[in-house]
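As recorded in Swiss-Prot:
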- 13-33: transmembrane segment (TRANSMEM)
- 40-60: transmembrane segment (TRANSMEM)
- 90-110: transmembrane segment (TRANSMEM)
- 111-131: transmembrane segment (TRANSMEM)
- 137-157: transmembrane segment (TRANSMEM)
- 165-185: transmembrane segment (TRANSMEM)
- 198-220: transmembrane segment (TRANSMEM)
- 230-252: transmembrane segment (TRANSMEM)
- 265-285: transmembrane segment (TRANSMEM)
Amino acid sequence: MSLQQKIKAYLKLGKLGVVSLLDLAAIAGAFLAYKHGISLLPIIPMLIGGTLASMGAMIINSGIEINRDKVMSRTSNRPTVVGYVSRKEVIVVGSLLAVLGTALGFIDNALTAFFIALGVIIYVFVYTILLKPRTWLNIVIGGFAGSAAAWAGYTSLTNSLTLEAFLLGFLIFMWTPGHFWSLALKYREDYINAHYPMLPAVVGITTSARAIATSNALMIPIVLLMGYYISLIALIVFSVLSALLLFLSYRLILNPTKEEAMKSFIFSNIYLMLILLSIIIIKLI
């Protein structure tokens, strides 16, 4: 296997799509803390470190879950499953990236490094190893990994946490279950075959649709409070986006199908992305 193919395999295992959203959360966290006159240079080591650590966590995850990935259609073509890279190799490489990423956080401060490491620990040990194979609450508690990214961004500029930082982290935590349950509903049979107790594999499609809608609805007050805290413009933007999310959630309840679940999943990605981008843009104005 050539070096180029090896790099391509690791980029796939590193889940750049997921990592890019975590990076956006970290950048939004940093800009939430930004005040005119403060240097933005600390964002650079935090972002590089967070990216490497997040990719490392994803890569370790692929090594741990290789046997279950083999029976899931969505993951059956991963480089670990088809034999491009071994379990031992990915765990070593992933661990090195996680350690290097955490070390880069120390360039800013110890608190930033702590939150980078916390994201890895929650995703690998709490979510992947402890909770995912055992309880449908896996993704609920695992959502704190995304919160850690936002907090790492915030502390890179402040070396402290405030109410607004906690709100952003809690927003991401509340967003996570509805988002991933939508994907799990689409691939429900995969999770059943792999014996993962993801909520849609445990309670069925109709109940899952209601749980997704309920989770999204419970998140909205946090989003609106966040918008109110930032500015009137943010509150208006967040309200419009939240109305669209609630509309799609209502449609999913009325028509609990995999197609509607996928629409909910795609829009929830867009929803969080626009929320985070709005924070960055508004704080720059």
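Yeah, the Cβs are placed from backbone N, Cα and C, and that goes for glycine too.
Between the transmembrane segment (137-157) and the listed ranges 13-33, 111-131, 165-185, 198-220, 265-285, the one holding the most Cβ pairs under 8 Å is 111-131. Against the transmembrane segment (90-110), stretch 40-60 shows more Cβ pairs under 8 Å than any other of 40-60, 198-220, 265-285.
Counting Cβ pairs under 8 Å to the transmembrane segment (111-131), the top-ranked stretch among 40-60, 165-185, 198-220 is 40-60. When Cβ-Cβ distances below 8 Å are used as the criterion, the transmembrane segment (165-185) is approached by residues 25, 28-29, 32-33, 139-140, 142-144, 146-151, 154-155, 158, 191, 198-201, 205, 208-209, 211-213, 215-216, 218-219, 222-223, 225-226, 229, 249, 252, 258, 261-262, 264-265, 268-269, 271-272, 275, 279 of the same chain, each at least six residues removed from its ends.
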